[in-house]
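*Asks:* Provided herewith is a single structure, encoded as structure tokens, for subsequent inquiry.
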Amino acid sequence: MSEKYQDVDAVVRELNKVAALTNALNIVGAIAIFQLGLFTIRQLSFHPQLNVLARTVVNSLRQFRDFVFVFLIIFITFTSMGNVLFGGQVHEFSTAALSREACMDMLFGTFNFNTIVTIRGSSLFYWGYMTIVSLILLNMMLAIVMETYKAMSKDGYQGEINVLLATRISYIYRYPWQFLIKHLKAFSKYVVRQMGCGKDGHSMEMESSKLSHSDVIVNGKFRPPVLLMVLKKKLKDDGAYFDDDADPDAFARLLSLLCSLRQGND
């Protein structure tokens, strides 16, 4: 009989070990899921609005440290009062743990007030607790969250990451249009330049488009013979310099330029 009892006891101990290991595994799994949730919230920083919500939660938890300290003092005070006032007559307040549960039920509206209504001082205790904890402290907590959300939403769209993301999105949207406009302008300038080159080349009886850079530019300046031929043809074809309303100073400057070019050519 004793041997069977020992065998059963050994099996029970092994089962208890398995249950403890299973419980530990469940705790580790819960911690891993919690870390995964925090990691997911951290990755929401790429989106401005989601980043505001995530930062609101984080900063609110930081500001709750002082609030939680005050809340615990007031809550423990009322639970101790309930245990002293009603512990000898009501089961819900018979111990400190049950008193805390009863006060939490009051806070969430699930407490049955009829269990203490016949006890003297119960109304004062109940309404005092509901006024201080439910109306004042909970609204203070809500005010902390709202103030934090307001501050985070104000800075949410001005953060470095959000500004960089908005700039990249704007660049991706504008790039095709900028590329098209840039190349259209370059093409139009090329067409105008080719038309001008053809006209000037015809006036000089040469194809200016076939001239190389060294044929036109020397030491960073135009070659005087080439420029002189162009200016002569311009002066001959354009009658604006010989109109009555033409600026005499402009004509004088042009003649001075032609003379200097001729001297340089000689």
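Each residue's number is its place along the chain shown, starting with 1.
Keep in mind that glycine also has a Cβ here, set from the backbone N, Cα and C atoms.
The domain 'Polycystin cation channel PKD1/PKD2' annotation in TrEMBL covers 14-152. Taken from TrEMBL, the feature transmembrane segment covers 20-41, 67-86, 124-145.
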*Asks:* Are there residues at least six beyond either end of the transmembrane segment (67-86) with Cβ under 8 Å to its Cβ atoms? List them, or say none.
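*Replies:* Apart from its flanks, the transmembrane segment (67-86) reaches 92-96, 99-100, 102-103, 116, 119, 121-122, 125, 128-129, 132-133, 137, 140-141, 144.
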*Asks:* Pop the mean pLDDT for the domain 'Polycystin cation channel PKD1/PKD2' (14-152) in here, whole number is fine.
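*Replies:* Across the domain 'Polycystin cation channel PKD1/PKD2' (14-152), the average pLDDT comes out at 87.
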*Asks:* Counting each residue once, how many in the domain 'Polycystin cation channel PKD1/PKD2' (14-152) are helix, strand and coil under DSSP?
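*Replies:* The counts are 122 helix, 0 strand, 17 coil.
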